[in-house]
Amino acid sequence: MANASEPGGGGGGEAAALGLKLATLSLLLCVSLAGNVLFALLIVRERSLHRAPYYLLLDLCLADGLRALACLPAVMLAARRAAAAAGAPPGALGCKLLAFLAALFCFHAAFLLLGVGVTRYLAIAHHRFYAERLAGWPCAAMLVCAAWALALAAAFPPVLDGGGGGEDEDAPCALEQRPDGAPGALGFLLLLAVVVGATHLVYLRLLFFIHDRRKMRPARLVPAVSHDWTFHGPGATGQAAANWTAGFGRGPTPPALVGIRPAGPGRGARRLLVLEEFKTEKRLCKMFYAVTLLFLLLWGPYVVASYLRVLVRPGAVPQAYLTASVWLTFAQAGINPVVCFLFNRELRDCFRAQFPCCQSPQTTQASLPCDLKGIGL
């Protein structure tokens, strides 16, 4: 990005470029703060969203809002200072602090998305274990604390080994690395790549699990032999025993279930993953994977540029590509609420119920025109 320190003409073009840059950063800041704060209010006010997946999403959106509030004003101030004071760099302590915050929020999002991917796999592949052990707020709180702790541990080495402010006005919120291929810089990039790759492997395993369970198998009907309506023995499917255990049994106790107490009215509320729950979990998986994929797409160019600067040389990356990659990371701070509303019908319904003033009377009577049915949601 050119500075305004060149004498002679071109001052009008540079002023227009500076104005466009400041306007874009202001728009990103407003969109990020408005979207994340609105999303946080929606989750806090709507009791039906007080579940572990939405608690994790709430933490992710609050972190994105804090990152936008901490980084984008600093970049705007650095751009104005570069244009007015011939590129005077900010203080070294301020650069290190902002680089630390950028690394902290980046690693927090990566570790949290990895934890979300693991919980999504357990919610579908091992639903009973998930419903009994991981569906409450304590599990979400532990996962959030673990993500922040791991992010704090991973963010310190790049800042302590960082290279300071740099000549680009976007540098205050870039993940500063030493340009000489320091082990801390390369370890930082490798750790981020491993975490993001492991998250996608978890979702790939989940995709294979769902695909394997969707295969049609021929039914083998073998008649069951029974004289007391218990249907046990060769050919029994076990449905009678399951009904009796769930509290719907009638007649004498089946021979194989003597000593087992049937479930009362309050028990067995989450015995199986029924079809509606399965669809809800799949929608949550699609939403979280869309967030994870966007994290990879928006942070990927900057990670590639950092690899080139560490492994090749600092000048191997064009300045325009580096600036664009940094700005893509800025956009990631405000795009998550939009993706969540697009991929989650439950969030849209709760938004209409909690904020009726934000929609027209036509929208109140009928939901979104297509309700995203064209993409299978």
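Just so you know, glycine gets a Cβ as well, placed from its N, Cα and C.
According to TrEMBL, the feature domain 'G-protein coupled receptors family 1 profile' maps to 35-340. What TrEMBL records for 22-44, 56-77, 97-122, 134-156, 185-210, 287-308, 320-343 is transmembrane segment.
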Sequence-remote partners of the transmembrane segment (22-44) [C-beta within less than 8 Å, at least six residues beyond its ends]: 50, 54-55, 57-58, 61-62, 64-65, 68-69, 72-73, 75-76, 79-80, 327, 330-331, 333-334, 336-338, 340, 347, 350-351, 354-355
Per Cβ pairs under 8 Å, the stretch of 56-77, 185-210, 287-308, 320-343 packing most closely against the transmembrane segment (134-156): 56-77
Close approaches to the transmembrane segment (320-343) from elsewhere in its chain (Cβ under 8 angstroms; 6 or more beyond its ends): 1, 24-25, 28, 31-33, 35-36, 38-39, 57, 60-61, 64-65, 67-68, 71-72, 75, 102, 106, 168, 170, 173-174, 283, 286-287, 290-291, 294-295, 298-299, 301-302, 304-305, 351, 372, 377
Beyond the flanks of the transmembrane segment (185-210) by 6 or more, those residues with Cβ under 8 Å of it: 103, 106-107, 110-111, 113-114, 117-118, 120-121, 124-125, 154, 157-158, 161, 175, 177-178, 282, 285, 289, 292, 295-296, 299, 303, 306-307, 310-311
